[in-house]
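Below is one structure, written out as structure tokens, with a few remarks after it.
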Amino acid sequence: MKKRTLGFWEIWNMSFGFLGIQFGFALQGGFMSRIFQTLGAEKDAIPLLWIAAPLTGLLVQPIIGYLSDRTWHPKLGRRRPYFLIGAILSSLALFFVPHSPALWVAAGFLWILDASINISMEPFRALVADKLPQSQRSYGFVVQTLIIGIGTWVASNLPWMVSQLGVSNSAESGVVPMSVKVAFAIGAFVFLVSILYTIFTTPEYPPEDMEEFEREKARKNQFIPDILNNIGSMPLTMKKLGVIQFFSWFAFFTMWSLANPALTEHVFKTPVPIESDFDMTIVSQAEAFNVANTAFQESSNAVGSAMGVYGLSSMAFALLLTFYTSKRRINRKFVHMVSLMLGGLGFLLMNYSTPENLKYCFILIGFAWGSILSMPYAMLSSSVDPKKMGVIMGIFNMFIVIPQIIAALGGINYVSSLLGDEAINAMTVAGISLIIAGLCNLLITNKNAITYQPEEI
């Protein structure tokens with residue numbers, strides 16, 4: 001099927017749901033560790049509590065990709081039914097997670113939240129490939145990244161914005177502040193509304209051969225064999241991109257899980273107070289704990305706001321690429337390599353940063369983030385069978401979740417412990433990992449993956 005060239009606003013509409021998805025991810029990535037620490041989690045236990053995120057991705061994304069390839073609803077189409085289901089579940093989880101009364105409840109909500117976000121997110125990647133001709137793939141993924149950048153910045157600053165409106169940023173020991181609860185409620189609303197906007201404004205192409213599609217869908221007991229067959233026949237370019245993804249996502253999982261304890265401790269000098277270190281029956285000790293806890297909560301807001309800067313810089317980076325790719329071809333390999341190495345430098349500089357200069361580290365990280373969300377998918381979608389785009393995107397995301405599982409099961413703690421006991425060493429590990437990911441781009445040699453190749457007539 002020859003796909004027509006879409007205008008900017010058509011691509012914007014089909015990608016707008018990612019605003020809500022990124023609200024969910026940014027609130028999760030910026031503030032779940034803070035919620036865990038508030039509920040009493042030890043610093044070294046935080047990565048393991050985060051294992052829900054990659055494990056649900058590993059299980060959910062290939063399944064949703066496979067099912068969405070075999071779905072056709074007369075009104076909602078192929079991908080949009082999954083957008084809707086994921087949006088409803090994600091919004092509910094976002095609203096309730098900061099109200100968790102205990103650490104195990106918060107960890108359980110993270111499982112539900114991440115699984116639900118994945119139900120919506122995976123088909124969005126496939127939708128870009130479904131709707132756009134080859135010549136617009138880079139453009140489409142870059143517009144998606146632009147929207148993700150907006151969502152990251154706004155959502156990361158929500159607790160700070162809410163506190164500026166007078167909502168309390170303090171709370172009793174073991175209670176999440178009201179500013180965080182309100183921020184998550186706003187995130188839940190934005191998630192649902194933005195997904196609904198895409199559902200109502202974006203039609204989908206029906207299968208080219210409906211009879212063949214129905215025959216394929218009617219095949220029974222083929223899910224696991226088909227998944228294994230697609231893994232076994234994975235294109236070489238996809239495997240090479242997988243190596244890049246491994247080191248990229250190891251770095252970002254490290255940031256999401258440990259940036260808050262690392263930066264509040266090393267940069268802001270306000271580590272989370274341990275209640276057992278204070279005699280709460282003595283007034284002066286209780287007051288000292290409350291002062292330390294308020295300082296930690298305020299510096300956590302500042303860390304969240306600083307992390308939002310990487311969303312802002314990724315948005316600016318994506319905007320530049322949007323203007324460029326709308327008229328010209330780009331060397332995706334070179335762009336991705338340089339971007340990842342700049343992000344790695346940003347992580348390394350955190351070790352020497354002051355609170356005032358922390359935003360510059362995240363500006364560099366934003367270049368890497370903007371590229372991670374667009375270039376690998378543009379390279380991949382130009383190298384695989386379009387009829388299998390959903391399941392291929394789902395399998396490709398295994399290269400995202402496997403490094404996160406390794407990191408959560410002790411990889412971060414082990415590697416960073418080689419550098420010493422300080423939490424900031426985890427950010428150094430993230431920087432080294434991202435630089436390695438950048439250098440791995442030298443493995444990519446497929447011309448179609450590197451840049452769009454016009455079809456010969």
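Just so you know, glycine gets a Cβ as well, placed from its N, Cα and C.
As given in TrEMBL:
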- 12-36: transmembrane segment (TRANSMEM)
- 48-68: transmembrane segment (TRANSMEM)
- 80-97: transmembrane segment (TRANSMEM)
- 103-121: transmembrane segment (TRANSMEM)
- 141-162: transmembrane segment (TRANSMEM)
- 182-200: transmembrane segment (TRANSMEM)
- 241-259: transmembrane segment (TRANSMEM)
- 302-322: transmembrane segment (TRANSMEM)
- 334-354: transmembrane segment (TRANSMEM)
- 360-379: transmembrane segment (TRANSMEM)
- 391-412: transmembrane segment (TRANSMEM)
- 424-444: transmembrane segment (TRANSMEM)
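In this chain, the transmembrane segment (360-379) does not touch the transmembrane segment (182-200); fewer than three CB pairs sit within less than 8 A of each other, excluding pairs fewer than 6 residues apart.
In this chain, the transmembrane segment (424-444) lies out of contact with the transmembrane segment (141-162); the count of Cβ pairs under 8 Å, excluding pairs fewer than 6 apart in sequence, is fewer than 3. Here the transmembrane segment (302-322) sits apart from the transmembrane segment (48-68); fewer than 3 CB pairs are under 8 Å, leaving out pairs fewer than 6 apart in sequence. Taking every listed stretch (334-354, 391-412, 424-444) in turn, the largest tally of C-beta pairs under 8 A with the transmembrane segment (360-379) is reached by 334-354.
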